[in-house]
Amino acid sequence: MISNGTGSSFCLDSPPCRITVSVVLTVLILITIAGNVVVCLAVGLNRRLRSLTNCFIVSLAITDLLLGLLVLPFSAFYQLSCRWSFGKVFCNIYTSLDVMLCTASILNLFMISLDRYCAVTDPLRYPVLITPVRVAVSLVLIWVISITLSFLSIHLGWNSRNETSSFNHTIPKCKVQVNLVYGLVDGLVTFYLPLLVMCITYYRIFKIARDQAKRIHHMGSWKAATIGEHKATVTLAAVMGAFIICWFPYFTVFVYRGLKGDDAINEAFEAVVLWLGYANSALNPILYATLNRDFRTAYQQLFRCRPASHNAQETSLRSNSSQLARNQSREPMRQEEKPLKLQVWSGTEVTAPRGATDR
């Protein structure tokens, strides 16, 4: 999440530097918007993706899309112009939107980790644990927390040291004030506590994936075990690595500002860590959708402008012609133990022996 509504602006005096930064920020904004639009379209056009699990992914995509449309363009303009040109009223609205949307984005990531944890650790009770009502309540809770830490806190001045406005009249800057209490509460609720829980849940998920791979290895399928464990490791490392790299520097700076004061951090460094946090919204469509096999298929259908039903029928027709021959050739092997696939994380499957999961 982000507690800073805008971030400090530092002037880019060198034209080459200004051009480079402009290109980088523009590309980041376009990727954020396009990537999350594709996620929303994929779910809207593909019935197979309309599941409770993907409710959180869609919520994440909508949140990041709104961030890309309502916040990032103004952040980029402010960063490049070195002054806030939209007045005091819009400054408070802008900073509140920034805090709210970044908070909601991180809390959606947090809920995705809990959802996957329940699916992997207790798959039989998953339909009982994750119900439509509980998903709806979770989504409402995400936005209640986000609004409380953004619009409510900023407009009531709970975040300020001695003033209620984020706007500086002397120097036209728009920056959220951070006092000690707001910095600590916001940092803990929206980053450090979710980070701790996510580390625990993903470690448990990885451990289960590794145990399943070991069972396969003991049955002689060492190659499948190695591939499965490698996929689980890479996927979980990518998910947690991106989250920590993008947000940990920002929240460290944010809490430090609450402890030492708003001017305790170099403006250039503060701007870098702020945009590093924004970059997480561009990575989310890749990490939480592209790594999922069903999403990859939906992307292919979307870019080919072909409906999912057409692809399914075509695949079915192609496969039916050779199904009888394959069934006859596989008949002697059906007595052997068949593997099951456990989706450890979106797009990552580890094969496990049926006996290991039927117990």
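Note that Cβ sites are derived from N, Cα and C of the backbone, with glycine treated the same way.
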Practice task
Check Swiss-Prot and name the cysteine among Cys11, Cys174, Cys199 that pairs with Cys91 in a disulfide.
Solution key: Cys174
Handout entry: Shared topological domain relative to the membrane, Asp13 and Arg304, Swiss-Prot
Key = no
Practice task
Report, as a single number, how many Cβ atoms besides its own are within 10 Å of the Cβ of Thr190 (site 'Implicated in histamine binding').
Solution key: 27
Handout entry: Stretch-averaged pLDDT - the topological domain 'Extracellular' (259-267)
Key = 86
